[in-house]
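The following block contains the structure, expressed as C-alpha cells.
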Amino acid sequence: MELIYWSMLLLGGIFSSWTRLVAAEEEVLMNTKTETSDLKWTIFSQDKSESQWEEVSGLDEENNSVRTYQICQTDSLSSQWLRSGFIQRRGASQVYVEMRFTMMECSSRTSHHRSCKETFNLYYYQADSNEATASYPPWMENPYTKEAQGSCVEHAAQQGPRPRPPKLFCGEDGQWVGQPTTSCACLPGFEPVEGQTRCTACPVGQFKSGTEGQCRSCPGSSQATIRGASTCACRSGFLRAETDPADTPCTQPPSAPRRIKHYRNGTTHTLKWNEPLDNGGRTDLSYSVRCSVCRSAKGSCLPCGDSVSYQPAQDGLLDQWVEVRGLLPHTTYIFTIQALNGVSSRSAKDPASDSINFTTNHEEPSLRSVTWKSESTESSLTLHWSVPAQPHYNILQYELRYCEKERRSESQCFYTESNRSQAVLTDLRRATQYEVQVRARTLAGYSSFSPAAVFRTLPDGHASASQFLVPGILIAVGMLLLVIFVFVAAYCIRRHSRVKDPDLSDKSSQYFSGQGVKVYIDPFTYEDPNEAVREFAKEIDVSFVKIEEVIGAGEFGEVCRGRLKVPGKKENYVAIKTLKGGYTDKQRRDFLSEASIMGQFQHPNIIHLEGIITASCPVMILTEFMENGALDSFLRLNDSQFTPIQLVGMLRGIASGMKYLAEMSYVHRDLAARNILINSNLVCKVSDFGLSRFLQENSSDPTYTSSLGGKIPIRWTAPEAIAFRKFTSASDVWSYGIVMPSYPLLDQRAPLSLSPCSSIGEWLRAIKMERYEDSFLQAGFNSIDQLGQITTQDLLHMGVTLAGHQRKILSSIQTMTFQNKGTATVTF
C-alpha cells in the first residue's frame with residue numbers, strides 16, 4: 001500500500017474490501033470490516049522513523065467494531081508503506097477495490113506544510129502464490145515489468161566470450177517494453193532475413209565465413225556448389241595459404257625465374273636472375289638456391305655439403321641475387337634457383353625453377369683450423385700462427401682483423417696485413433681482451449676469416465715471462481738478499497731492545513720505483529670527461545657484483561661492502577661507492593672523475609680500482625676492500641697495540657705511495673690519516689682523490705691554484721697553500737709530516753684548553769655539526785677540555801650514527817689535540 005504524507009498529528013483509519021464480479025454475480029474476496037482478529041499486514045518505513053502504521057480496533061460510522069490501521073504522521077517527506085496479505089483471485093476477471101479512510105484536512109491546520117497530503121496511492125501486485133517477503137516486491141512506485149527469456153532461432157547461436165540468451169521486458173499492461181537484448185547471430189553460411197527474425201542459407205555461388213554481415217559472392221578462382229557454404233573452395237590448380245582469410249582469392253605458385261647469370265670475383269661466385277613472368281597472383285615472392293656438385297663428366301651429381309656458404313642466405317631470398325663461397329677448384333657445379341610464394345608449400349608439384357652450371361678453376365684458401373702462439377705486453381700483442389699445408393695453392397699475404405671483445409662491432413675493428421705468418425699489434429689498451437681473426441690471399445682472392453681467437457694484454461707493471469726472464473731472476477735474487485738483511489736487522493733490534501716484534505710484511509714496506517712511470521693525465525683536460533672514464537676505468541657487468549651491507553656514507557651516496565665474481569677469476573671482496581639518485585650531470589662527472597684518476601695508478605700503496613658500473617642504476621665505483629678501514633679510527637680502536645717497527649712500516653708504505661704520485665706529477669692535496677686505508681696485513685694505501693689535481697710538469701713554478709671558495713683541508717694543509725691557495729708536491733710533504741706524529745699521539749687525549757672555541761656549541765657550529773649540541777650537553781660534555789676523552793662509542797650513544805659525521809667530529813678533536821701537542825717529536 002502507499003504512504004500518507006501528514007503535516008501534523010493525524011488519526012486515520014483504513015477500511016478495505018475486495019469484490020468479484022462475474023455475470024452479474026458479486027463475490028467478496030476480502031472484507032476487513034468482518035475481521036475480528038489482527039490483520040497482520042506488512043508495514044515499511046523509508047526512513048525508519050518512530051512514526052509508523054499501527055493496527056488498532058475502532059468504530060465505523062454505524063458504531064460497529066472494525067480493525068483499522070492508523071498513523072500519526074510528522075512533518076517529514078518520508079514514505080510510509082502498508083501492504084495487505086495474499087488475496088486469492090478465485091477465477092475473478094475484474095476486481096473492484098473500495099477503501100474508506102478518515103484524515104484531517106490540510107486547510108484545518110494552523111500552518112500549511114508542503115508534506116501535507118489528503119490522498120492515498122494504491123498499487124497492486126499480481127502473483128501466482130504468496131511469495132511476498134519483507135523486501136519483495138520492492139517498495140517502489142515504478143511501474144512493474146517482467147523479464148521474459150527467449151532462445152535463438154534456427155541456424156543461429158549465441159556469440160561472443162559471454163553469450164547472453166534473448167531477453168525482453170513485459171509491461172504491466174501486457175505490452176513488450178523496450179528493445180530486446182541478445183547475442184544471437186546467424187551461423188556461418190546463413191544470413192538474417194525478415195527483419196533479423198529468421199536465418200536462411202546462402203545461395204549457390206555465395207558464402208558467409210563469419211557470423212556478421214550478409215552472404216557474399218565467392219572471390220576469384222573459387223566456387224560454392226551447395227547452399228549454406230561458409231567458404232568457397234578453390235578451383236583446380238589454385239590454392240589458398242593457411243593464413244589467407246576466406247574472402248581472399250585463390251592463387252597459384254609462381255613460374256620459374258628467368259635469365260640466371262654467373263659472375264666470378266676471385267673465389268666468390270655471384271648468381272643473378274630476373275623475376276618470374278607470373279607471380280601466381282601473390283606478392284609474397286621468395287627464392288631458394290639448390291647446389292649440386294658433379295665430380296666427373298659421366299658420374300651423377302650430388303648435393304653440395306656444408307662447406308658451401310651463401311650470402312645473404314640460401315632460402316627465403318627476397319632479392320634476385322646470391323653470393324656463393326667455399327667451392328672446390330676445378331669442379332663442375334649446378335645451381336638451381338626456385339621461385340616460391342605462400343601457396344608453394346601446399347602444392348603437390350615441385351617449385352618452378354631454372355638452373356645454371358659452371359666449372360671452377362683456382363682453389364680458395366681455407367683457414368678453418370689455425371694454431372696460435374702469442375706474447376703480450378701492456379700495449380701490444382705478438383702473434384704467430386700456422387695453417388695446414390695446402391698443396392694446391394700458394395698463400396701470397398695474410399690479413400688480420402682484431403677488435404676489443406667487449407666492444408666488438410665492425411666500426412671498432414682494425415685491420416693489418418703481413419707477408420709472413422706473424423704480426424705485432426701495437427697501441428692496445430692495457431688489461432683488455434682482443435678477438436683476432438686471420439685470412440689468406442691467393443691468386444683466387446681472399447679466403448674467409450678464421451674463427452676468432454681471444455688474447456689479453458697485461459696490466460701496468462706486468463710483462464711477458466719470455467721478455468723479462470733474466471731481469472726476473474735478478475730481482476728474485478735481490479729480494480732474497482733483502483729478506484736475509486731484514487731478518488738480520490730484526491734480530492739485532494730484538495737483541496738490543498729485548499722487545500718481541502712481529503715480522504714486517506714485505507707488502508707494508510714496498511716502494512714502487514719501477515722504470516718508465518707514466519705521467520698522470522688530468523681527466524678534466526678531456527673535451528668529453530666520459531672519454532677519460534672509458535680510457536682509464538673498466539666497465540663491469542652489474543651481474544658480477546653482489547652488495548652485502550652498507551659500511552658508511554660519502555659525499556655522493558652510500559659506501560657498501562660487496563663481492564665481485566668475474567667469470568674465470570676468484571671471487572673477491574670489494575668496496576662499492578654508489579651515486580645517490582636524483583644526481584645532476586655535474587655530480588655524475590665529479591663522481592666518476594675519481595675513478596678515472598685511480599685507474600691510472602698501479603702501486604701496492606695506492607688504492608686499486610677494480611672497475612665501474614655505469615650501464616645500470618645506481619652508478620658504482622668498485623675498489624679493493626680494506627678490512628681495517630681508515631687509519632685514524634683503526635689506531636684509535638687499537639690503543640697502544642703496535643710496536644714502533646710496525647708504525648714505521650705503515651709510514652713507509654704511505655711514503656712509498658706518495659713518492660709514486662709525485663713521480664707521476666700528481667698532487668694529492670688532501671693527505672690525512674682519515675684518507676689512508678689499511679688492510680688485514682697492515683698495508684697502508686693512499687685513497688680519496690676528490691681534491692687532487694694535476695701538477696704541470698714543465699712549469700717553472702709547478703703549482704695548482706684552487707678556484708675561489710674551493711674546499712681546502714685546513715688542518716692538514718701547508719701554510720703557503722692556506723695563504724695563497726697554491727698546492728705543490730711540497731705541500732703534500734707537509735701533510736705527510738702532519739700524519740707522522742699522529743701515530744704515537746692518536747691515543748693521547750690531552751686537554752683542549754688551547755682551542756680557539758670557548759664552548760661546545762661554538763665548536764660544533766664551527767665544524768657545522770650544531771645539530772648535535774643538545775646531545776653533547778645531555779651526555780655530560782659541557783666544556784672543550786672534556787672532548788679529549790670522547791670515543792666512537794660515545795658518539796653512537798649520543799645519536800651520531802653517520803660515519804661521515806663521526807669522522808668529521810673525531811678529526812676536529814684530533815686536530816685540536818695535535819695543536820696543543822705541537823712540541824711533540826718522533827724519532828725514526
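Glycine is treated like the rest: Cβ placed from N, Cα and C.
Any TrEMBL annotation is an automated prediction that lacks curation.
These came from TrEMBL, pasted as-is:
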BINDING   Lys577  ATP binding site
DOMAIN    26-204  domain 'Eph LBD'
DOMAIN    253-363  domain 'Fibronectin type-III'
DOMAIN    366-460  domain 'Fibronectin type-III'
DOMAIN    545-828  domain 'Protein kinase'
DOMAIN    755-819  domain 'SAM'
SIGNAL    1-24  signal peptide
TRANSMEM  468-493  transmembrane segment
So what's the mean pLDDT when you look at the domain 'Fibronectin type-III' (253-363)?
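Its mean pLDDT is 88.
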With DSSP helix as H/G/I and strand as E/B, how many residues of the domain 'SAM' (755-819) fall in helix, strand and coil?
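Summed over the domain 'SAM' (755-819), the classes give 45 helix, 0 strand, 20 coil.
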For Lys577 (ATP binding site), just count the other CB atoms lying within 10 A of its CB, please.
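There are 22 such Cβ atoms around Lys577 (ATP binding site).
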By the DSSP assignment reduced to helix, strand and coil, which category contains Lys577 (ATP binding site)?
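Reduced to three states, the DSSP call for Lys577 (ATP binding site) is strand.
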What is the number of residues in the domain 'Fibronectin type-III' (366-460) that are helix, strand and coil, as DSSP sees it?
6 helix, 45 strand, 44 coil
